[in-house]
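Undergrad: Before anything else, here's the structure in question.
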Amino acid sequence: INTISRRTMKRQVSYSIPEEMAKGSLVGNIAQDLGLDVKRLKLGNAHVYSGDSREYIELNSERGVLLIKERIDREALCGETTPCAVHFQIVLENPMEFYSVTVEITDINDNAPTFEKNEIRFIISESAVVGAKFDLERAVDSDVGTNSLQSYILKPTDHFLLKLHSQADGTKNVEMILQKPLDREKNEFISLVLTAVDGGEPQMSGTMQILITVLDVNDNAPVFTQPIYKGTVAENSAKGTIVTDVSASDVDHGLNGKITYSITNTLDDVRHIFEVNEENGEVRLIGLLDYEKKRNFQINVRARDNGGLTDSCKVIVDVVDINDNEPTIKIMSKSTIISESANANTVVTMINIQDPDSGENGKVQCFINDKIPFLLKSTSNNFYSLVTDSDLDRERASAYNITVTCSDEGVPSLSSSVTLTLQISDVNDNAPVFERSSYEAYIVENNTPGLSIFTVKARDADWNQNARVSYILEDSSVNGVPVSSYVSVSADSGVIHAVRSFDYEQIKDFHFRVKAQDGGSPPLSSNVTVKILIQDQNDNPPQVLYPVQTGGSLVAEMVPRSADVGYLVTKVVAVDVDSGQNAWLSYKLQKATDRALFEVGLQNGEIRTIRQVTDKDAVKQRLTVIVEDNGQPSRSATVIVNVAVADSFPEVLSEFTDFTHEKDYNDNLTFYLVLALAVVSFLFITCLVVIISVKIYRWRQSRILYHSSLPVIPYYPPRYSDTLGTGNLQHVYNYEVCRTTESRKSDCNFGRAGSQNVLIMDPSSTGTMQRTQNEKSILDEPDSPLESPPSPAASLSPYRSLM
């Protein structure tokens, strides 16, 4: 615990405490120091009054002591002001009196010296003189007295010393003084550390890095790596040949170390034959050499830096004698084009070789490049012929670059070469080849005639006219019709076009052959099979086969009032001649007299009751069923099913007498009436003409039979007898239904229902009738292309029809 000093006076007491004491620390016993009883403090409601200033000290009335209320930072409270103190009063009541208290805050070493920047940079020339001064940044320490900044330390001290200058305000300026010359070639970068130290316990410090870059001066001359350089060069060396390299170095930096090279010969012709690259010291040949004229050269080379400092060396060049006459190749006769059908040993070119050298230097051997179908034959001294060595194939190689190289036997050997370009002319030896062995294309039905379906492509490895491919549609037939009435082929492009609009329901696919023929003589050709598949469109709406919508009489299905839930009333039968999902049919109940009584099977079209039939249900029920396919967009058909809810036919006669007289009014009623009147008038006139014509024809036939001797045999239509009547009515009407065996096919199988009962209402009559019709449909005749078993729904009760 820091020592606390106090000074007691009449109505005033002083204390001294260090800063940063913990909250609740004891400052002093104020009751004892003021000579007051603790009870007086309690009864007098003693408290601390500090005016507008912040309260750092609090009074404990129970103990009569002053305690630290809040941590005190001397630097924040007083800054550099010394001494630093907190003043406040102790106030008592009954009677009113107060005492002044002064608490001096002493400094502790809680702040280290700091620099504003972590590093500082200097750029100093290596020519700087000893004693040069450089000002440094001062450090700052918030503490006071011995705890404040006391000294600086600079390390290392190889080149610089530290000097401090006291100022009038008590601060010290810091200077860095050069004590040893700088040499950039030894140390281009120097790093120093300046440390500021205070005098507290424990001692604290702060550092700043000093980075010095040493600038170069031109204080070093270039120096060649060796005084004499040697090089050799052949007498036939080309201009630009490098003879040797000279090299000098300068330890200076930048422009001071940049060296340029030059030749200093003046009395001879060296500078006309050699040159030195002023940047890199390469000695190159720029003239012509002849060993017989001069065998060696001495070149004086000088190196100079930008400051004018120089050094020199000598380059001795020896000229080497060589075999400097190369063979000469002359073409006596040559062909530039040869057919790929040429036979082996066909002469292409005649060559003559000359070499003015004598002895071994004049002996020449010639050869050609490998892996070509040609051979070089020697016919006599210095004469060669180039002939074919094997069969040629233009498709494998359309041209050859034949390089003939001739070398003498000199040391070193000299050689020369010539390249002959030989074109291979084409013959028609390749037939067109299709990209595929067969093609398959798709087209959607109801297409526009002339639509492009597919493109066949054949390639011919020959060239020009021999590779020009034409496409021809081979004659064939599809269902007895020429294929040319279905498709056409573009002779140039191979594009297959549709000639007509296809109907999937009539033809689903067909195939034909296309021939590709080139333009050679004679032409070559190849064939490919193309299969066209017709894709279905949803272009046919569903067709309702049952119930048949009659124009005159009204057909109604009967449901007894005793029918249970799920009772099968009838079945809507429809087909769609499309295929796939375009023929998938769904049935929905669109309108009904009583929706709560009937439902329609979504997939099978069966109309069943969904609740028990009651006596309150109306006798006549009218249902509107919509049949939709699954195409995009879908197509639909609507059928009206009349249902009679009754136990017997007489019960519903009165209800259905005027059933057909109900009218559906709409906004276009007038238009339909006018249209119906026109159609009826037209049909009436047509029927009148037909009847008159038939009457005249029968009258003429009767006249002929009357005058003939043949017996007259009465004619009755087949299957005319009315039999199998059941129920209350005397006639049974048999209807025929048509259904598909599979939704993916458009073929229809027709079945027939046998002797079933349907309620038929004729508005013009007062009774009912039941007909029996047992004749077969036209599709059931022996020559019909389709046969089907009877409809599976042939077992309904006598009072309703089955699907």
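Glycine residues also receive a Cβ, built from the backbone N, Cα and C atoms like all the rest.
TrEMBL: automatically predicted annotations, no manual curation.
For reference, TrEMBL lists these features for the protein:
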type     : residues : note
DOMAIN   : 9-115    : domain 'Cadherin'
DOMAIN   : 116-224  : domain 'Cadherin'
DOMAIN   : 225-329  : domain 'Cadherin'
DOMAIN   : 330-434  : domain 'Cadherin'
DOMAIN   : 435-544  : domain 'Cadherin'
DOMAIN   : 559-656  : domain 'Cadherin'
TRANSMEM : 669-694  : transmembrane segment
REGION   : 762-803  : region 'Disordered'
COMPBIAS : 762-772  : compositional bias 'Polar residues'
COMPBIAS : 793-803  : compositional bias 'Low complexity'
Undergrad: Determine how many residues of the domain 'Cadherin' (116-224) DSSP places in helix, in strand and in coil.
TA: 3 helix, 56 strand, 50 coil
Undergrad: Against which stretches of its own chain does the transmembrane segment (669-694) lie, if we need a Cβ under 8 Å and a gap of at least six residues from its ends?
TA: none
Undergrad: Mind tallying the domain 'Cadherin' (559-656) by DSSP state, helix then strand then coil?
TA: 11 helix, 41 strand, 46 coil
Undergrad: If you average pLDDT over the domain 'Cadherin' (9-115), what do you get?
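TA: Reported value for the domain 'Cadherin' (9-115) is a mean pLDDT of 84.
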